[in-house]
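Per TrEMBL, the features are as follows:
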type: BINDING; residues: B:Ser16, B:Val243, B:Glu433; note: FAD binding site
type: BINDING; residues: B:Phe350; note: substrate binding site
type: DOMAIN; residues: B:15-457; note: domain 'Amine oxidase'
type: TRANSMEM; residues: B:6-24; note: transmembrane segment
type: TRANSMEM; residues: B:186-205; note: transmembrane segment
2 protein chains.
Amino acid sequence: MTAEIWDVIIVGAGLSGLSAAHLLRKRDAKLKILILEGKDRVGGRTVSTAIPAANGVDRWDFGGQWVGSNIHCSLIKELGLETFPQFNIGKKVYHLGGPGARVLTYRTSIPALSPLVLMDLTQFLWKIDRLCATVFVQDPSKTPNAVELDSMTLHSFIEQHGWTAELREELGLCSRSVFGMEPSQMSFLFFLMYAAAAGGLLPLLENTAGSAQEFKIKGGTQQLSECLAERVGRKNVRLGSAVTAIWQGAEWARVMTATDTFLCRAVIVTCPPHLAAKIHYEPALPSQRAFLTQNMPVGHMIKFIITYETAFWKDKGFSGEIVSGSSTGSPFCVTFDATSPNGNAALVGFIAGQQASQWTSKEVMERRKAVISSLVKYLGSEAASFIHYEEKDWAKEDYSGGCPVNVMAPGLLTYYHPSLRKPCGRIHWAGTETATQWCGYMSGAVQSGQRAALEVLAELRPMTLTQEEQEAVRQGQTVEGPARPTLSSRITYLPTSKAAVIAKKKPTLPVHS
Amino acid sequence: MTAEIWDVIIVGAGLSGLSAAHLLRKRDAKLKILILEGKDRVGGRTVSTAIPAANGVDRWDFGGQWVGSNIHCSLIKELGLETFPQFNIGKKVYHLGGPGARVLTYRTSIPALSPLVLMDLTQFLWKIDRLCATVFVQDPSKTPNAVELDSMTLHSFIEQHGWTAELREELGLCSRSVFGMEPSQMSFLFFLMYAAAAGGLLPLLENTAGSAQEFKIKGGTQQLSECLAERVGRKNVRLGSAVTAIWQGAEWARVMTATDTFLCRAVIVTCPPHLAAKIHYEPALPSQRAFLTQNMPVGHMIKFIITYETAFWKDKGFSGEIVSGSSTGSPFCVTFDATSPNGNAALVGFIAGQQASQWTSKEVMERRKAVISSLVKYLGSEAASFIHYEEKDWAKEDYSGGCPVNVMAPGLLTYYHPSLRKPCGRIHWAGTETATQWCGYMSGAVQSGQRAALEVLAELRPMTLTQEEQEAVRQGQTVEGPARPTLSSRITYLPTSKAAVIAKKKPTLPVHS
C-alpha cells in the first residue's frame, strides 16, 4: 500500500475544516488539500433534513440553526445564501417553579416573573457581566482571580449568588439550553470565558440584534458546508474516512484511516476535543494537551421539529416560544416557532442536559407523546394534530457523540488551557471550541478554521500572509486580536437606569443549537 | 485473515485483568482466556525496576507500592509474596505556608502545627467523616443530598469549611498526593465516595494499621502481576497488543488490535476510563457510558527514587518523611524512606498534580537538581551525594497517560454513574475505578477484576458460581456487598475525647501511588 501525498490534510468536514480549506485555497489554489470526514456527509454539527410538511416536504435544521447578524455574515453572503429572522411576535409561555406552578404568558420582553425574581435576575446578570468584562478570552488564566473562578462550578456560583429558587431553576434551564449540560458540569471561569467570547451573557440568550438567535439561513445551515465543499472541490473531501492515527516524522505527517494512509506537510484537526482525544498520536502529544482533550465534556441535546398544517399558535396569539422543564412535567426546556420561509408551519424544541440523559434511553414514541402532551397543555389541543415529528439525538450521532459544544470541567482552564490552540509539530488545532469569538457557535467554527489555515500558511506559504497575519500567527492569536468584550461594549445593549435594566431583561430564549 | 476464537478476552494485563483471568481459570481451567495488553509488560500501573544502589542494583516500585494489611492479603499470600512495613520512625519534616514559613520537624504523630490549625483540621475531618458515613458507595446518587454534593468541587467544600489558609494548603497537598490532582478537578461527592470506599479519609492518608500506606511488597508490587501471568499462562497474555475496536454481534464479540482480530463470547475491559474511551465500539455504547468514560480525568504523578550509600537521614534521626510544596519552593509534595528489604538506602517522592503539570516539560536534570536541592535543605548536605536518581512520569507512559487513578468531575456521579459497572452486551467493565472497596488502589483493581469475572461466569459457566455469587451478579453488586463504611467502623481508629482526637490526627502521609 503506497501512501498518497498531500500538502495539507484536514480532519473533519464541518464548518471549521471546510473554512480552513476554503481560505487555504483562496491564498494558494495549487495547495493540495484533502479533507477526511468520518461521517457520510459534510456539515459536522449542522445538518439540514427534509421532512413531511404542509406543502409536501421542506427542510429544517436538526443541528446548529441560528446565526447573528454580526456573525461572519460575509461568508453567508459570499456563498450566496440568505437569512431570515427568528419569528418572535406574540404571547410567550413560561412554566417553571414545580408541579404546582401556574402557566404564565407574556407579550413583552419581560417575563411575567415576580418583582423579586426580576430583581434577582438583574443583580445576577450584573455580576456576570462585571466578571465577563475581566476575562481575557485569549488566555483565561490571566483573568484576575482565575484559579478561584476556575475551581468552582457554575452551579456553585449560582448557589452563592442567585437569591431565589426561581432564578436558580431558570439558570439551570439556560445552561441546559446553551450547553446541553447542567451548571454542575462546567467550570465557572469557562462559563465566563464562553460568555465573554460572545460579548456578554445576554447575546448568548437573546434573539435580538447582535445576539446568537437572531437569524436563520433559508434552506438550512448545512448549505454553508455544502457550498464550501463545492468550492474546495468534492474530490478533495472523503466521507466515511475517520482518522484513527497521526504519526509525525521529520519530513512528513502520516495520517491514517482504517483503510488508507496519507502523507502531508501539515494537519488541521477540527473535530471536537473528545473525538480528537480518540486519535492515536505518535509521538504522543504533550501531556497537557492530552489531559485537556480527555476532559472536555460534550453536551447532550435531542432536537425535535414538529410540522403542522397551519401555525395555529400564531392564530391564537402565541409566538411559539415556550420555556418549561422537568419540574413542571415537560420533557423539553424550550421551543420556538420554526415555520419555514416557504410557509410550512413548524415548531422546534430541545430536550437537553439532564433531561436528555433521562429521555435518551426511551423509545421515540414515548418522547413524542410527552412532547406533544406538553405542547397541547401550553398551546391547545391543535398541537396534537401534527403532520410529522422528527428528532435527532446528537449523543447517538456517529463522529459527534454529543452537541452543541464541549465545555471545560473545573481546573482545566488554569492548568491546561495553553495547549488548546498551540500547534503540536505539524498538527494544528481548530474547531469551534478553540475560537476566541463566539466560541461554541458556527461563527467560532469559521474563525477557528481560518486561524488554523493561517498557521499552516505561515509554515508552507508565508508569502501569502499579510504582515498583520504573520504577527498574529507568531503570537498565537487570531487575526482579529484578542476577543475581549468590555463592559462598555455590553452597555450598548443596556439602558443605564436600573429600572430600565430590569425592564429590558429577558431571562429566556437561551438556545443556540 | 481468520480470526482466533476464545471464550473470554480481557483488555489489559494489569492487576485487574490478571485477577479476572486468575479467577476465571480457577473456576473452569478449560476456559480459553486471552489477555491483550498494549504495553510491552504486565502490571499496568505497577512497575518494579532495578536501579543502581549501594550493594550493586536493587528493585523499587515506580508505580503503586503500598498495600494495607486488610487489602486482599490473601492474594499476596497465595502468590507466595512477602510484605514489609513502611519505615516511619524518627523526625518528620513539614514545610508549608509560603516562602517565609519555618521548616518544622516533629517526632510524634502530631505535626507541629498551631493549635488553631489542628482544631481546624479536626473539625474538617469530622465533617468529612460524617458525610462519608452517609455515602452509598455502590450507588452514590442515593446519598442524601447527592446532587448538591456532586455539583461542587472538593475545592469549593474546602473553601467553605476549612477555616485556615494552612489547612487549605495542606488539603491541596493531600489531594495532589492521593489523586495526582488539584481539589478543583474533582466532584466533592466523588471524593466522599472514594474515601468511603476506603473506610474513611484517614485510611487514605495514613500508614497505620488498616490504612493505605501500611506495607510494601518485597521485590515490588509488579510481582503480583508477574505471578498471576505465570498462573494464567504466559501464552495467554499478548503484549504490545493494544485493542482498537470491539464489535458485538449476536453470537460473538470481535476484538481488534492494529494487526489481529479475535472472536470471543465475553470481553472484560480493564483499562482506565480515558483509555477505554479511545476504543471504537460497534454498536456504539449507550451515551451515558460514553459521557462517563470521556469525562473521568486521570491524575498526573512523577515518582522518583533516589538511592544512597547509607540511609543518612536515619542516622540523623529523620524518618525520611517530608511534606512540602511549591509555596515553599519544593518541586515534590511528599517523600518517604524507601530503603529496600536488602538494606539498600533510598528515598521515594512524588511530584504531583499542578506541580507535575509545571515540571513535566522540563529536562530530567532540572527536576533532579530541584529535588536534590530541597532534600539538602531538609535533610542536610549528605542528600547531594546520591548514587542514582530515577523517575517515572506516568503521563508519558504509553497506555497509561496518567496515574494513579481517574476521578470524576462534578455532575458525573449523579447523572452517569449507573453506567460505571453495568455490562454493555458482552462487554464487562473492570479496573480499580469500578471498585467499591479501595477504589483507586491495587486492592480495588483485584476486587473489580474478580467481580467482572463472576459476571462473565454467570453468563458462560453459571454452575461454577455459588448462590450468593449469582445473586450478587444479578443485583450488579460485588460479592462482599456494598462497601459502606460507617462512622462506627471509622471510630475504631479514633479515641472518643476531642482532645484525644486532635492528638491522634496526622494530616500528612497522604500518598498511595
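Even glycines carry a Cβ here, placed using N, Cα and C.
What TrEMBL annotates, mapped onto the structure for a quick look.
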residue: B:Ser16; record: FAD binding site; DSSP class: helix
residue: B:Val243; record: FAD binding site; DSSP class: strand
residue: B:Phe350; record: substrate binding site; DSSP class: strand
residue: B:Glu433; record: FAD binding site; DSSP class: helix
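Separating the Cα atoms of B:Ser16 (FAD binding site) and the residue listed as 'substrate binding site' is a whole-number distance of 24 Å. Between the binding-site residues B:Phe350, B:Glu433, the minimum number of other C-beta atoms within 10 Å of a residue's C-beta occurs at B:Phe350.
Taking a C-beta cut-off of under 8 angstroms and a sequence separation of 6 or more, B:Val243 (FAD binding site) has the following same-chain neighbours: B:Val11, B:Leu36, B:Gly38, B:Val255, B:Met256, B:Thr257, B:Val269, B:Ile279.
For B:Ser16 (FAD binding site), the count of additional Cβ atoms within 10 Å of its Cβ stands at 36 [all protein chains shown]. For the pair B:Glu433 (FAD binding site) and the residue listed as 'substrate binding site', the Cα-Cα distance reads 21 Å. Summed and averaged per residue, pLDDT over the domain 'Amine oxidase' (B:15-457) gives 94.
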